[in-house]
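**Student:** Pulled the feature table from Swiss-Prot, pasting it below:
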- 60-80: transmembrane segment (TRANSMEM)
- 81-101: transmembrane segment (TRANSMEM)
- 248-268: transmembrane segment (TRANSMEM)
- 283-303: transmembrane segment (TRANSMEM)
- D333: active site, 4-aspartylphosphate intermediate (ACT_SITE)
- 716-736: transmembrane segment (TRANSMEM)
- 774-794: transmembrane segment (TRANSMEM)
- 809-829: transmembrane segment (TRANSMEM)
- 848-868: transmembrane segment (TRANSMEM)
- 880-900: transmembrane segment (TRANSMEM)
Amino acid sequence: MDFPTLSSYLHHHRPGEDILADLHTDPGLGLTAEAVAQRYEQYGRNELKFKPGKPAWLRFLLQFHQPLLYILLIAGTVKAFLGSWTNAWVIWGVTLVNAIIGYIQEAKAEGAIASLAKAVTTEATVLRDGQNLRIPSQDLVIGDIVSLASGDKVPADLRLLKVRNLQVDESALTGEAVPVEKAVELLPEETPLAERLNMAYAGSFVTFGQGTGVVVATANATEMGQISQSMEKQVSLMTPLTRKFAKFSHTLLYVIVTLAAFTFAVGWGRGGSPLEMFEAAVALAVSAIPEGLPAVVTVTLAIGVNRMAKRNAIIRKLPAVEALGSATVVCSDKTGTLTENQMTVQAVYAGGKHYEVSGGGYSPKGEFWQVMGEEVDNVLLDGLPPVLEECLLTGMLCNDSQLEHRGDDWAVVGDPTEGALLASAAKAGFSQAGLASQKPRLDSIPFESDYQYMATLHDGDGRTIYVKGSVESLLQRCESMLLDDGQMVSIDRGEIEENVEDMAQQGLRVLAFAKKTVEPHHHAIDHGDIETGLIFLGLQGMIDPPRPEAIAAVHACHDAGIEVKMITGDHISTAQAIAKRMGIAAEGDGIAFEGRQLATMGPAELAQAAEDSCVFARVAPAQKLQLVEALQEKGHIVAMTGDGVNDAPALKRADIGIAMGKGGTEVARESSDMLLTDDNFASIEAAVEEGRTVYQNLRKAIAFLLPVNGGESMTILISVLLALNLPILSLQVLWLNMINSITMTVPLAFEAKSPGIMQQAPRNPNEPLITKKLLHRILLVSLFNWILIFGMFEWVNRTYDDLALARTMAIQALVAARVIYLLSISQLGRSFLGYVTGKRQTITKASILLLGIAVAIALQIGFSQLPFMNVLFKTAPMDWQQWAICLLPMIPMVPVAILANRLDP
């Protein structure tokens, strides 16, 4: 027997009775043990199923799947075949070091999917064979009758059959901060996920009331499961840096293979021995490969990680460090990211006057200001008017939630909206405990969707009914209203509705408050007591407010040329209001789209909408992913922030996924490239700054490393063409490219940021790794290095008639010149003279640079003076006069370095 799954039917569009009939479920008895066993066999357990990740050994082997490493592996193998085992082991060692570095960098991508299982594991109350049982959520099957109560996590996707004041927090799925009040009525087929009131989805939480539903989807068929499947389909995107390195590597591979083959063919054709020509070809290949570059890149990124950690941004995947610096768009979830995720009363209308309330979140600290008009400053109130006090008092009395002081923070136990009312009353000096003794509650009418209000009966100075609810439900029941001076007049519904409209346009959720005095013998209340005779007390407008520091961060992003787009599951009016408050959307910028509009768009139209608008509301998880992809197709480097399960696929797809470390779900964290430990959007701006600094320093490293490779390659190629002895051997090249280069280049990773780095526009994502200016620099310095190596080698060889000494002095002269070039490159964009005169930075900040130079010098001394190094690298010891000669190239390097800085500032 086949049973429907989530993908088979739109359950919100079908009557509950029809679904029960299709599932052969008796709503009074539930499933039988036999039926449960059959469905276990057909559907399996209610747990998410995932593709297994790559094993560790395979991830390690894949590190060798790089074009440049192919050359080294082949060269080492041929060397071994020819009997040059020392050379072979050194070359293989270089490839192994690079593979280990890459393996360490490998992200734990499978962790994101595995954490989804944790997000939905819970217990459930289920009706089977007429008995209510408490079972693990994994044991649920389609057709089970499940009961929900306050505090429960929804264990599977349910079509609701009965509800009693049921409210569900679906923020992890939809981004909606306010719990959703559930119902059982049929809904239109096109109803978006966030508005399916007759459904309860796996992974959401019950905040209030009770309900009963039938399981219509389990495991991967749930909405949560659909998210996991979409994540499995996501390919881990390359960051701009890794894309550029891949392109650079392939280009370099073709050039190296061509030149090596050309070198071998020309040398052999001129009568050279195949063995010698192979040594020349290997030396050329090894010299052209910047072996130290992967290690330098890793160290530079790791230093960026450390700097970001100090600024509350934890990097999970190293390439994301640099990618942040090239971000052109930040797509942010609203709830809990740009906003506090704590409902806060910000405006009150009472007695015909308007008041603003300061303070954020659930903290009882704040002040009341009377709004005097556009051209007059607001007035801070010393004492509150009676009608304002009465309005606030009603919000606290007519309330089933509580505020708790947890360390430095305040939290609500219960409904967030009621928490906001408690906080606003506490700011006026009211205490829940105090009011409970002064005005004890005698009876209450809980909030119901049919009536849209809650009422409580209290004793005290007479018996009074206090009511809170929607404006529509209370206005029709009110006959009079209190003015500021305590005078009671006939209610002016038109004026109140105008004020409600004004507050709604600010993105505020508005509740109305009223009271009614009853006879002393009144011990209980019913809906009949609320029908007429209410006295209108006022309105309270609340919102999940923007974080103040996030507002500043949005402006900083704009200054840096980065667009900020809000993608949320919230209402469009609320999203637009928040966007305007934060500066995401300018005044008068009305371009905003809802999920239902996006669903009707084709790919081209969607891409244009993603480009033009900065506010997207009522967006489903799949649409968040589509928006990120659309922006990427437009050429943007996209950073996506989020904290809910609904954000996970988009976080994984984005060039940089940014999750909240405190308030975020485990799924979002595991899907991300970066975590914000303080859940502060402002930390993104700091991370972007560090990302730009990382790229700046990587560029310096490339500008320093490649001219050496260029000089070495030119030296070997020209020597073969002219049938001369090789001035430098393959093992000596590896020493220069790995040991010396890494020692001297790593200090560049510690360079401070350039002034005004956050006032620059984002880099063009299509800009190549080697720009024209950088290429000119590389060619100039490569030419100098070739002249230096070749000239020193020829002079020493003719003077001393010693090949080993000639090669040793050529290398030492090159390293001496590199010291000057390093000093110039370390202040790229400024003159070399600026460093000498101390204008660049203090000696303390340059200490790492000087340490790197000192270590490099010590290693070079050992390279030529230690006997075992002479044997391994075929070098020769030098006397002090020869050392002095090797220092002379430092002098001509000064003007070359200055010219290079002018070519590539």
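Each Cβ is built from the backbone N, Cα and C atoms, and glycine gets one as well.
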**Student:** Counting only pairs at least 6 apart in sequence, do the transmembrane segment (809-829) and the transmembrane segment (880-900) share 3+ Cβ pairs under 8 Å?
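**Tutor:** In contact, yes.
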**Student:** When you scan the chain for residues with a C-beta under 8 Å from the transmembrane segment (774-794), skipping those not six or more beyond its ends, what do you find?
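**Tutor:** Contacts of the transmembrane segment (774-794) (Cβ under 8 Å, skipping residues fewer than 6 from its ends): 699, 702-703, 706-712, 714-715, 718-719, 727-728, 806-807, 809-811, 813-814, 817, 821, 886, 889, 892-893, 896-897, 899-900, 903-904.
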**Student:** 10 Å Cβ neighbour count around the residue listed as 'active site, 4-aspartylphosphate intermediate'?
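**Tutor:** There are 31 such Cβ atoms around the residue listed as 'active site, 4-aspartylphosphate intermediate'.
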**Student:** Three states by DSSP: which one describes D333 (active site, 4-aspartylphosphate intermediate)?
**Tutor:** coil
